[in-house]
Every structure is written in C-alpha cells, then in structure tokens.
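**Q** The structure is given below, and queries will be raised subsequently.
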Amino acid sequence: MVDALNLGRRLRVRSTAYVAGEPVPFFWPMRTFIHHNPLYGLEDMPFEQAVRRGAELFHARMFLPRSDYQRWQREGKVRPETLKEEIGRRSQDLPPVPGVDWPRWLHALMQTPHDRDAVVRGVRAKDVHAALHGHPPSAQAVDVAALLPELEQRLHARTLPEAVDALWGTGLADELDELVIKNCLDFFDEDQSAWRMPGRERGLFSAWSEVTRRNARMVLRRLHVRHILDHVQDAESAVVYVMEEMGIGAEAWPTYFTRVLTRLHGWTGFVRWRASAKHYYWAQQYPADIVDLLAIRLVMGLALLQESARHRGTPMRRDDLGAVVRERGAECVLRYALHSGEVLPDWAQRIDDTLSRGNGARCHDLLQRYWPLWQARLGQQQAAALRELAAAANATAALDALAPEDVEGLLQGLRDFAPQEGMVWTLAMEGQAIDKLLTQVQAPQDPPPDKIPFAQAWFCIDVRAEPIRRHLERVGNYQTFGIAGFFGVPVGFLGYGKGSESHYCPAVITPKNLVLELPAALDPHNEDFVSTLGHVLHDLKKSVLSPYVTVEAVGMLFGLDLFGKTLAPLGYSRWRRRIDTEKPVTRLLVDKLSREQADSIIRTLQRAMIVKALHTELKIERERVDDDMIRELREIALRRRDGPTRLRTTFGVPQTQEAEFIDKLRQVYGVDADYTNHQLERLGRIGYSLDEQVNYVHTALTMIGLTQTFSRFVLVVGHGGKTENNPYESALDCGACGGASGIVNARVFAQMANKPAVRERLAAMGITIPEDTWFMPALHVTTTDAIELFDLDLLPPRHLVYLERLRDGLRAASRLTAAERMPKLLPEAKALEPAEALRLANRLAVDWAQVRPEWGLSGNVYGIVGRRALTENSDLQGSAFLLSYDWRCDPRGRLLENLLAAPVVVGQWINLEHFFSTVDNAHLGSGSKVYHNVSGRFGVMTGSLSDLRTGLPMQTVMREGRPYHEPMRLIALIEAPLDFAGRVLERVVKVKSLVLGGWIRAIVIDPTQGYKPFVFNNGQWEERTPLIAPAEKEYSA
C-alpha cells in the first residue's frame, strides 16, 4: 500500500523539517571554503543562551578547559577587574547559603589547578553531607520509582535508535550514521568516484529508494527497507509513515527532527546549502533537500529498529520504550548505568551477567546492593572536591557547618555557575583586549593636502594584511587602505578554460553580472576559448551541444581580430577538461555588450550551427552552400518565413526529410526563437554598464575616504594562498570573494577605474582622478608574503620608469612581513634575517608535507572601521580586520550601513568559526589534517567514513595540543560620532541584534567629543578615557 499525502500534510512535513534544520548552519563545498558561525542558526538568541543551546544540539564544548584560561591569566591576557566584576554580578543570582561567600568561592574555583567539573554528575546532597562528616552510606532501600523520571527524561531527549542504544548497547545510531554517509557519498559524488548512484537526476530520495530496493547489502544486514518503501510514495510520506510507526506524535516532530538532523550536522549543513544554491551545477543536475535526507535517515532507522526488535526483543516504538522503563525499572537503571559508562568498574561484569539472564527479581536485588555504593562513591568524590575548594577559599569551617539542605544549596549554586564560567573567562579576556586596543589607537591626524604618497595600496580587510600594510608604510612613502577584498564589485566569473561560473563575492550575495576571461592572443582552434563562450550561451539542462562560432562573431563580441573558423561540439564533460599548459596572458571582458553586438553574435552562431547540421545530418559540405541558403534555413527555423527551402531544388532532399531537418535545427541545434531569447538573456549578463562601473568605483572611493590626493600608482591588492596538497587551500583565500583568490576582483575594479569614461563621470560627481594615476591589480600571496603585480602589459609607458622603485618597496615589505610571521610558525626561525625568512616562507608554501603553511586568520579579534590614521602607529600583530572609512564622507550613514551589514558580519562569521573550532575542535572544527580524506570533491571526512568536517582543522587553531588562537568575540571599533553610529546601528537590524545579543563587542570612538571611546557593555555605552594624539608625522617625497 502506498500512502499519498494531501497537500496540507505534505507542506506541514516540509515546513517542520525546514524549521528543525535551521539551527544547522550552511556548509559550503571545500573548494570555495566559506567561513561561517557554527551557531548561525541560533543568532536570534543572546550569545550566552545560544552557547548553552549549541552545546545540547551539537554535543560540543563551548568554552576551553579552565587550565587554558589560567595560562593566559598568567601571561597577563585576562583583565582582573572584569573577572571580579563578573563573579560578583553572577553571584547575586545564586541561592544564598549560610556561611558561603559566593564571590570568594567562585574565584577560588576558577583558580583551582585542574579542569574537573565543580559538581559530580548524579550526586545527592545527603550523600555529600554524610561523606563530609564521615557518616556511613544510607541503609535505606532504593526507591526505584524515584530514579525513573530522570532516566525517562534522558531517553526522551534522544532519537529512538539512540535511546535503544543507551539501554541495550546495540550501536544502532552508529550503524545508521554509516549507512546514511555511504548513501550520501554515492549520491553527492562530483566525479571523484568510479561508481555513482544511478537515477540521481530524479532527486535524492527517489534515487536512493530505487537503489535500496535492489541493494543486496540491505538483505545481508537483515534490514527490510523494501517493506517500508512499499508503504510510501515520496520523502514526505516516508517521514509521516516512519514517525507513526515509531509512535511519535506530530507535536514532538520539531524537536525530534532537530535531533535527527544535528546527528550528522556536516552533511545536513551541506544539503541545506546545496538546496539553496540555485547556481550550483551539481544541485541543478541532482537535486536534494533536507526532507530527502531526513526521510532516508528515518527509514533506515526504522529498519534497524525492526531488525533489533526481531533479534533482540528491543522496542521499536516510543510508547513501548516507556512501558519497558516503567515495568522493568531496576533493569533499565542498571542497563543505562552499564552502557553509559557511569558504573563502578568492579561491578560492571556483575551487572552485565545479571542483565544477560533477564531476571527482573535479580536485577532488583542487585540494584538494591549496588546503588547505595554508587551514590556513596559519588558523595565521596564530591566531598573531596568541596574540601579542596573550601580550603582555597579559606572557608573550611563554613563547609563543615553546612546542614544537608545547605549542601544542596551549595551544589545547586555550583551547578548554576558551571555553564557560566567559560563566559566569565571570555569576558575578562575581551576586557583586557579592549583595554589593550584603546592604548594603541591614537587620535587621527590628516596628512597635509599637498603631500602625495608615492603609491597608495588597497588591501583586503583580512587580518593578514595588517602586518604587510604596516611594513609597507614604514619602508617608504606609501599610504594603505582597507576594503572588503571583492572591492565592492560582485563578480560572476567564467575563467579561461573553466567549465562553470564561479561567484567572487560574499556568500550572501548572488552576482548579476558575468565577467569572461579570454586569452589576449587568441588561437582560432583553441577549445578552451570556445567553451567559454559556449557556456555563456547554452543552458546545460537543455542541450549538451556547444555552439559553433566564426571569426566575425568574436570580433563583434570582443573587439578582437581572431576567433575561430570551424569548431566542434563539446559536451559538458569536455568543458570540464583542463589543458595542462601554462596559462596565457588574458583579458577580462568587463564592458556590457550592445544589443546590436549581441544580435550579430547570435546570428553568426546560428549560421555556424546550420553549417554543422548540414554536414552532420545531410552530408552537405560548406563549400556546396551559399550564404543565401544558410540565411533561408535560419529564417525558416526561426519561423519568420515558410518553406520550402532550396534543399529540395538544389540537393533533391525529400519534403519529409526537409521537415525533419528543420525540426532538428530547432530542437537539437538551438536555432529556435525561444532559444534565441535565452541566448540574448545569457549575453545580457556579460559585463557591466557604464552606470554600474561608475557606481562601483565611486562607492569604493567614497567608502575608504580616497576622494582627492591620488598617487601615481593605486594598487588594488587582492589576496590568496598558494599551497600544495591542502584540501583547505580555499580557506586561505579571500572570504569576501566567496573563498577564492581576490585577484579577479582586483583586475575587474582596476579596469573599471582606469577607464576614461568612468573617470569623466566621476569628475562630474566631484572626484577628479589625475590622468597619470594608474590603478594596478596585484595579489598578496599570504603563504609567501609576496605581492605580485598583474596586467603590467597595460601599464602606460610613462609609469615604467617608476616600476622598479615600486617593486623594491613591495619586496622590502614582503621580507619584513616574513621575518615577523615565520617565528610564529616555527619558533626556531626567530633569528632569521628578512631575506632568509622570505625564502623559508616560499619553501613552506610548496612543501607537500607542510600541514601549516600559515596561521591563516587565527588570532583575529578586532574589526576597526575608521581612518588608517587611528592605527598607523600601532603594531596590531595581525589581529585586526582594518576597514578604511571616513565618516565625514558619509553624511547619511549609508556607507557605514554597508560596512556593518557585509564586512563586519563576515568578520563576525570568521571570528566565531575560529572561536568554536578552538574550543572544541573535534565537534565544531575538523580535527587533524593528518586523518582527512577528501570526499566526493566537495568536502573532507575523518578517515574513510565520518560526518563532513565543517570547521577549521586543528593545525589552524592549535599548536602542540594547546590553543594558538585565543577565542574571543569580535571587538568592532567604529570611528564616528556616537549618535551618528547609534542611528546607523538602529537601521542595520542584523548588526544591531548581534551587538545587543552579545555576538559582537562594540566600541565607538567619537571624534566630536575629543576622540572619547564608548564601550557597549551590559546594554549601555560606557565612557572611557579619550585617545592621545600622535606625534607629528614627517612625509617624504
């Protein structure tokens, strides 16, 4: 019987599943690594509340062990005043206990030299009181019924397979993980595996169902999955059927679904992202969504429960499980103790033997003997911990004087504080970091208007740019700016020889415009070039044929002389091939096509397709037909005129064959009116209009405050990492460019800014760029510290004389940056000269065995939005995102809105990914690179089978087993009047909620109040001491 759901029930299943999956953040493919906040789905909660919820959902630790914070405290990185204030504030919410000075006890607790929890799990106050006073354990009979509510609560919080595992040690949940992961690998594979799941184009659940019905592995495992599938029609009906079979009511579905989906949150996050990525080729071809994944896991889980019920007698419905717990309470308490590991070691075998006999009376008798001993052991452990704590707090007498009910109050207070301790340490570290920053930044001074720097350089806001900017400014007359590394231009990019479009912009943006990369010297027979245009014009879902183009089409499209004369059809698989030769010099097609150009291109393409069709279908060679005949066939195929054609009179083609040929031109070769419109739409995406280019350049210049005093060179510096044998290579690239290198955006922006028509319009808007100012794209290679210049062949001849001076300055800054960076990677490199350090950086970047060619963005803590003059005299040691902004150029606050809504939010994602990857690398990071296995070309697993690893690898945030990154929330500093910044924050709702919710620590430095800092703390702005003014700066020519 197949259960078909009505529309209402179907929508309810889907909406419930979608909402249940929202706590799981998106996970992007590894080749475009996107930094993300692992708790993004919980950002509607205050930070402290969200970390508690995140710990439950992801079974993860949210703060580091106490000993790590104590080490930083010894190093002076913890603000003692904040520690004292937070302990005092939180002590007020703890239950009053006679003789217990909570601030003193909590301070002593945070200084204890171990990482144990303050309260032993499951301990009772009366047992602790007895142990403190040397009394024997209670001889009172164990009330089994009193133990069951807590047991039922723990089981109810789990999925049904997990609950059965907890009582019977069956391993169903792990087996279910294995089955789901294997099926996900088969379906989502992106041409890495030799075998892929058939029928994938029908969607995940449909393809999986067909394969599973015939899967011999299911039979060997004695799983009757086919029987379940016979009762369902699709994913939605499968979800309903399984939930009903397990006896779980609809009111419990949201919580249950969330537990199911967070079990493998990496795979869930990937499926969620993939379903939302409409541009992603693999998602278009092989669709899947969260309901498919949920249904597969539920169906497989039910099959495992049924198999366990048949062979072990375990329950397969939630109400049956509850009945077992109530009817066989003593047995279930013992089972849970044994399989959870919460058991006295010398009793484990005895309990196992008793359970294996299945005798209820024996279980009851054993529990009566065992449980008092277990509780006494817990009481003794807790008493010893309290005595140690009381001694540290100088309160031993107060502890001894506590009555049993007071001991309960003490334990409850310690329980209440336990999840807060990490937050207190974090606040104290952030307090120290804020104090440190406010002593480093200085009241900015504008340079004299007649002093023009030799060169200006725009860098990404990435923290790795801070050291090289600092060194570049100090080796010569350079002025640097910080801007999001996509330079404000969202780029859809089709690279030379690539088969698919990539997005070079923040993950929250979808670019409308497409830029093509084309060889500067075209080879008419070059298939890479053909595939570039072919991909633009042809929708892969409609046809696997690539168009055929001629020299004239290319001339009209690109303003170049050569293109191709006769080109062969290419399928998608061929488009993906790479020619293993050195990449030629290329140009970017940045300008919009006119309608006339687009029409001409399509006409030429269609003519070429007709020539090919004549040869392929009718064996008529090109030299036997003239242009008039080709034009006639095109007009008829486009339904602009009626037949017959000259094919009949010239070549004797029968009428029926002629009609078939015309139909093939339309259906197979794309010579069709509808497809023509589609081609025009695709061509319409190429390039940017003049208005768009002017807007992008004007916005960027205004945002960073560069509206006058332009240098001869303005470097537009993207960044990227170059490493070998590194699945996480894209994590070293530019997050603002979608996890790709920033050089594409740098080249696009420079080309726009150098265009005379753009400059003419900018001058009319009040920004005059001198004729001899040249915007030059460059790439900061963060793994080698080099700055590589691009498009030098376009450099005006009058600039060549200055080029070597520019390169000398860049090389000097690179060497100094390497000398600063190498000792952080390798302590033994501390004594290296700058040139030696640079050579070492280059060697590490190409070393296949090197698991850490750089620290990436580890160490990030600050986001500074303001003029460079605030920080130009500060050594921020690569800890700050530096965003250039001049509030005086932004009277309405629109530019600040954009900075807060995009770069600051992305900075917060980066910051919190490092935070959580550090505090629990096993669950929220990705573990050691040593055990990583690339999976399906889109992710990595640990070993051969695991959840997708979503965070940062251990080698990025840890050194020798200890945290290298210091987990603190982003401290965002804004240079602007307080009321002005406050109004802007009110308008940017997302950032406002992040600040109010404690996800971002905010500071405003008000230039209208003598550069007085205001720190947002506990819901209000706190005044701090005004900044000092820097010493007078000298400017060289």
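Keep in mind that glycine also has a Cβ here, set from the backbone N, Cα and C atoms.
Pulled these from Swiss-Prot:
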- CYS460, ASP462, HIS719, CYS734: Zn(2+) binding site (BINDING)
**Q** Name them in sequence order: residues not among CYS460, ASP462, HIS719, CYS734 whose Cβ is within 8 Å of the mean position of the Cβ atoms defining the Zn(2+) site.
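**A** What remains near the Cβ centre is PHE459, ILE461, ARG464, ALA465, GLY485, GLY718, GLY720, ASP733, GLY735, ALA736, CYS737, GLY742, HIS780, THR782.
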**Q** Would you identify the secondary structure of ASP462 (Zn(2+) binding site) according to DSSP, in three states?
**A** coil
**Q** Counting only other Cβ atoms and using a 10 Å cut-off, which of the binding-site residues CYS460, HIS719, CYS734 scores lowest?
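**A** Checked CYS460, HIS719, CYS734; of these binding-site residues, fewest Cβ neighbours within 10 Å: HIS719.
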**Q** Can you name the residues of this chain that are 6 or more positions from ASP462 (Zn(2+) binding site) yet have a C-beta less than 8 Å from its C-beta?
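**A** In sequence order, the residues whose Cβ lies under 8 Å from that of ASP462 (Zn(2+) binding site) (at least 6 apart) are GLY485, HIS719, CYS734, GLY735, THR782, LEU857, PHE881.
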